[in-house]
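Some features that TrEMBL has for this protein:
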{"type": "TRANSMEM", "residues": "A:12-29", "note": "transmembrane segment"}
{"type": "TRANSMEM", "residues": "A:41-62", "note": "transmembrane segment"}
{"type": "TRANSMEM", "residues": "A:89-108", "note": "transmembrane segment"}
{"type": "TRANSMEM", "residues": "A:120-141", "note": "transmembrane segment"}
{"type": "TRANSMEM", "residues": "A:148-167", "note": "transmembrane segment"}
{"type": "TRANSMEM", "residues": "A:197-217", "note": "transmembrane segment"}
{"type": "TRANSMEM", "residues": "A:224-247", "note": "transmembrane segment"}
{"type": "DOMAIN", "residues": "A:271-401", "note": "domain 'DUF7224'"}
Amino acid sequence: MRLATLLRSGSAVWAALLLIGGLLFFSTGNTGGGIEYWESVTAQSTGLLGVISAVCGAGAAWEATRLKRGAVSTWAPSRGPLRIAAEQLAPMALLGLAGVLISLAIFSDAALLDIPGRPNLTVLAVGYSVVLSHIALGFLLGGVLPRLLGPPLMLILGYFWGFWPAALAEPAWLRHLNGQGIGECCRLDQVPAPRSLGATALFSATVITVALILIAARQGKARLVLPMAVAVTGVAASIAVAFPLGLDGEHNRDQSLLRCSGSGSGSAPQVCLWPEQYEHEDDFVRWSKEAGDKLRKAGLTPVERVEFSWRVPDRETVLIVTATSLLPSGPPACALEPGETYPGSEAASALDAWLAQVVGVEPAASSGSDEAAQLAQKVRAMPAEAQKAWFQRNLRSVLDCSQKPELSPSSYTRAARAGS
Amino acid sequence: MIWWLRAHAAVACVVTLVACLVVAPMLATSSIPTLALFGGTTGSIPVPLVLPVLPVCVLLYAMSRTPRTTDVTAVRNVPRLRAAALALAGAATVAIALLEAVVIDFPLGFAVARNVLGYLGLGLLVQRCAEPRYGPVTVAAVPVLCGLIGLGPGGSPYFWMWPAHPSGSPLAATAALLLFGSGLAAAATRRK
């Protein structure tokens with residue numbers, strides 16, 4: 001068929017105008033505050049897959065209704081059904097590819113071009129396989145359903161399938177079948193989980209295979225038995241692959257890429273950086289050394305090794321992160337049991353604020369809570385020994401659920417006066 | 001009458017409409033999340049506000065099943081009768097939704113009925129201005145568009161995205177009623 005006829009008579013051009021127009025409108029709301037890390041950007045761009053696959057699926061259903069309306073199969077076509085389907089769906093497939101690439105562009109920042117690495121091609125390929133599976137399913141449903149109902153059903157189905165699984169807490173593995181399992185990825189120390197990508201690819205491949213068999217096979221037992229067998233095996237396999245992941249779609253990044261500076265013992269905390277952060281290594285090392293020195297002056301031992309999750313360092317943030325890495329990052333195991341009380345939680349915010357002020361952060365910026373910042377300021381007015389005692393006493397309550405915190409500065413100054 | 005009902009897939013219409021109104025309260029707390037742009041907040045559209053698309057598409061399909069050429073030589077004013085049937089369907093939806101909102105305490109019930117009316121009106125307008133086959137697709141595209149561009153900062157819908165507004169929003173109710181009214185008017189008149 002002539003290319004002009006193919007494009008003129010099909011729905012791809014109109015769908016392209018609407019989809020690309022919509023994507024560009026959507027991109028105007030992008031404030032561009034993401035992590036400049038290729039894996040993160042590629043994984044986040046899968047978020048738009050729901051819309052792209054819904055539109056492409058609806059377009060494929062439209063093409064199928066056109067072929068059914070034209071009763072092409074009754075005119076003794078010289079080309080087989082798969083060839084006809086492939087030709088009519090080619091513009092839609094190209095639109096899907098363009099959608100995936102535009103979605104990547106929307107989530108990218110100009111600053112990304114300076115960063116080593118490239119978009120994760122596996123993620124893009126898996127995303128495109130999702131779009132292709134919607135096209136295949138749409139073509140199938142469009143040929144079966146009434147003419148007016150095929151495209152809208154594919155639009156709504158694609159929209160629900162693309163966005164709803166990620167909102168459901170259970171089944172948690174469902175989000176790994178539609179390509180949305182890696183939407184929470186990726187911090188600098190993570191990459192998308194290969195299992196999630198594998199489950200999505202397997203599921204899409206199953207749908208595409210079943211659709212191909214049903215389009216190609218006109219008569220015979222192959223029409224029913226084979227597609228059913230393929231569908232059941234494929235879906236079961238993809239669920240089996242996705243099940244152990246639960247809600248996580250992230251995998252630890254290759255640790256050999258970390259570059260650690262400094263010798264560690266006796267000097268500043270060892271700063272370990274990912275390739276995206278190498279550019280600002282001097283700033284990271286200088287400021288965390290400053291924090292380490294101030295902690296040592298206050299009588300505390302800074303932590304051995306510190307990592308950061310931002311690409312571009314900011315002095316206050318580096319100081320705060322280095323200082324507060326002395327505290328555990330989450331509540332202890334005893335606090336996570338249902339019905340348990342954790343009295344140390346208020347101590348944790350006060351300790352955070354005090355540590356931040358020790359390393360030189362302004363009291364106003366040292367904590368999210370004004371109360372904690374003011375308490376920490378009062379504690380900073382105490383003599384050094386009393387401050388250290390306050391820290392050690394309350395650290396015990398942060399680590400152990402049975403210890404109550406003793407946050408009031410007056411009890412330490414009284415004790416100090418009584419002791420001297 | 002039976003022939004008319006069979007020709008216009010009345011059973012399918014009733015079944016999908018009832019199914020939508022039954023399933024909507026069950027999914028009252030579910031919402032479909034939309035995309036979180038960097039630094040932006042996630043928005044979401046409650047599922048019951050998207051569900052009305054399905055019965056509306058079936059209604060539009062059912063009313064378009066017969067070729068328009070037969071209406072020209074009909075004795076009775078078929079377009080007006082069709083519009084009356086759609087108005088009846090709309091009124092029944094509103095009544096059931098009101099009942100649901102009061103009896104089962106389903107606050108989104110008004111919004112579901114409003115969305116049925118609004119989608120139906122929009123679909124009828126599109127079917128009148130363009131070919132009948134473009135109606136259901138346009139209706140189905142509305143919530144998709146809503147999810148993509150209709151939610152503003154903070155996750156709340158822009159004023160012009162009426163399907164995503166919660167119950168009791170006067171702007172959305174006006175928009176839906178206007179659309180329904182003009183849709184019925186469009187369905188009741190013949191194309192010249």
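Sequential numbering from 1, following the chain as shown.
Even glycines carry a Cβ here, placed using N, Cα and C.
Taken through DSSP, the domain 'DUF7224' (A:271-401) splits into 81 helix, 6 strand, 44 coil.
Segment contact is absent for the transmembrane segment (A:41-62) and the transmembrane segment (A:224-247), given fewer than three CB pairs below 8 angstroms at sequence separation of 6 or more. Away from its own ends, the transmembrane segment (A:224-247) comes close to residues 169, 172-177, 181, 193, 195-196, 198-200, 202-203, 205-207, 209-210, 213-214, 217 of its chain (Cβ-Cβ under 8 Å, at least six residues beyond either end). If one looks beyond the transmembrane segment (A:120-141) by at least 6 residues along the same chain, the residues whose Cβ comes under 8 Å of a Cβ in the stretch are 38-39, 42-43, 45-46, 49, 52-54, 56-61, 63-64, 85, 89, 92-93, 96-97, 99-101, 104, 150-151, 153-154, 158, 178-179, 182, 191-192, 194, 197, 200-201, 203-205, 207-208, 211-212, 214-215.
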